[in-house]
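Structure record follows, encoded as structure tokens.
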Amino acid sequence: MDNGSNQLHVLFLPYFATGHIIPLVNAARLFVFHAGVKVTILTTHHNASLFRSTIDNDVEDGHSVISIHTLRFPSTEVGLPEGIENFSSASSPELAGKVFYAIYLLQKPMEDKIREIHPDCIFSDMYLPWTVNIALELKIPRLLFNQSSYMYNSILYNLRLYKPHKSKTITSTDSISVPGLPDKIEFKLSQLTDDLIKPEDEKNAFDELLDRTRESEDRSYGIVHDTFYELEPAYADYYQKVKKTKCWQIGPISHFSSKLFRRKELINAVDESNSCAIVEWLNEQEHKSVLYVSFGSVVRFPEAQLTEIAKALEASSIPFIWVVKKDQSAETTCLLEEEKLKNKGLIIRGWAPQLTILDHSAVGGFMTHCGWNSILEAIIAGVPLVTWPVFAEQFYNEKLVEVMGLGVKVGAEVHESNGGVEISSLVIESEKIKEAIEKLMDDSKESQKIREKVIGMSEMAKNAVEEGGSSWNNLTALIDDIKNFTSTTNV
């Protein structure tokens, strides 16, 4: 306990990607609010700037202080421009590789800082597997933060266990069934992540990181998931049974934190005046008529694919908000399409206030890359999905949407190997995109059924984080468990 007091001190360590920082920092805020835990966040200067003012606002509102310790990001050592300190800022595979190496170089200074802080518990992103070793050295628990669904983890566990994808007769276009799961789950070989299908001698540094991440799970005190029991009860039960590691689900963390704190958007990059203009435009649209199109902070489609998306939006009768990268190239064709589209919708370059947009009553659909944060935020808002997975666990996340009946698919079939920074798969044509949009946004019995399911799941998500709800109780149980462990070891 901290300085001889009875206050539990938990150190939070985010991975350096915006989609990882947001839920972990929100989890840190929950610990402060929910149980009066002393919280410290360890990161770098630029990454801290993404959320520092939100933490300051929490303090102004009377909440406990969260200490933020920052280290210098080794930009010079790896040849990165100043200010690029996470993967969301990397506009090419080359820059992303340098960010990855810089994170590796930060391990020793972070270890030294952890020894200096000497917390009672480490709450670490899954992609910092070395934190389990420093936790064991300090004789404190390490909680691994796995910001993904139980279904995804169950799929991955069974693929590694049964290896149906290793059959020599399977081609990249064949479908494989994942054995042993509560539902029939099938994938094409081309949709599986590289760590499953690459030969050992072809694995890269990130594949090796995934191996270390899995190994660190079994040596951690427990795993914290950003999901809620009611979303996937069969998979929560299944995974906890086969994994035999303590697991707690405390999500949807974004809604949990926004319910307890006045600021909805965590990231400080959101321009308040731009947010107001977006809301004003949405106020003029009909109920559930707008399609929100966003592919997260990392995915960068080539010009040819952007043009096909623009054609699909132009050809449909659906008003839209489309988010594209601020530094994305805007060649003549895309500018032409943007000029045609501007009377039908909004094109936002840069970061968008996603929670604000999804919560608006005019938004009736969300075309997404199937990042887990985005799926949860859509479920909370009761907004059905058009799914377009690209990389990482996104094809597995799409299966949850499919099985739960929460959306429709564009029909992506190829998992990207380079983290979505540079798309190399075939362009999906506008007609196929338009078909998926209209299938979700029309007034057919199928789309109505999808909407009913999403709205029902939204209510369950909101109830989960109310006092006495499943995630509320899980968070309480988690903190009590760590307190009991700490008090026992300090006797």
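Cβ coordinates are placed from backbone N, Cα and C, and glycine is handled just like the others.
Predicted, not measured: the structure shown is a model, and the values here were computed from it.
Here's what Swiss-Prot has on this protein:
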type     : residues                                             : note
ACT_SITE : H20                                                  : active site, proton acceptor
BINDING  : H20, A392                                            : anthocyanidin binding site
ACT_SITE : D125                                                 : active site, charge relay
BINDING  : A352, Q354, H369, W372, N373, S374, E377, E393, Q394 : UDP-alpha-D-glucose binding site
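Locations of recorded Swiss-Prot features on the structure.
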residue : record                           : DSSP (3 states)
H20     : active site, proton acceptor     : helix
D125    : active site, charge relay        : strand
A352    : UDP-alpha-D-glucose binding site : coil
H369    : UDP-alpha-D-glucose binding site : coil
E377    : UDP-alpha-D-glucose binding site : helix
A392    : anthocyanidin binding site       : coil
### Query
Distance between E377 (UDP-alpha-D-glucose binding site) and D125 (active site, charge relay) at the Cα atoms, whole Å?
20
### Query
Looking only at A352, Q354, H369, W372, N373, S374, E377, E393, Q394, the residues listed as binding UDP-alpha-D-glucose, what is the longest Cα to Cα distance in Å?
23
### Task
Pop the Cα-Cα gap between D125 (active site, charge relay) and H369 (UDP-alpha-D-glucose binding site) into the table, whole Å please.
21
### Task
Have a look around Q394 (UDP-alpha-D-glucose binding site) and count the other CB atoms within 10 A of its CB, chains all included.
28
### Task
List, in sequence order, those recorded positions among D125, A352, N373, A392, Q394 whose Cα sits within 10 Å of the Cα of H20 (active site, proton acceptor).
D125, N373
### Message
Give me the count of other Cβ atoms within 10 A of the Cβ belonging to N373 (UDP-alpha-D-glucose binding site).
### Response
23
## Note on the structure
For A392 (anthocyanidin binding site) and A352 (UDP-alpha-D-glucose binding site), the CA-to-CA distance in whole Å is 22
### Message
Roughly how many Å lie between the Cα atoms of Q394 (UDP-alpha-D-glucose binding site) and D125 (active site, charge relay), rounded to a whole value?
### Response
18
### D125 (active site, charge relay) and N373 (UDP-alpha-D-glucose binding site), distance between Cα atoms, whole Å
15
#### Entry: Whole-number Å value for how far the residue listed as 'active site, charge relay' lies from A352 (UDP-alpha-D-glucose binding site) (Cα to Cα)
24
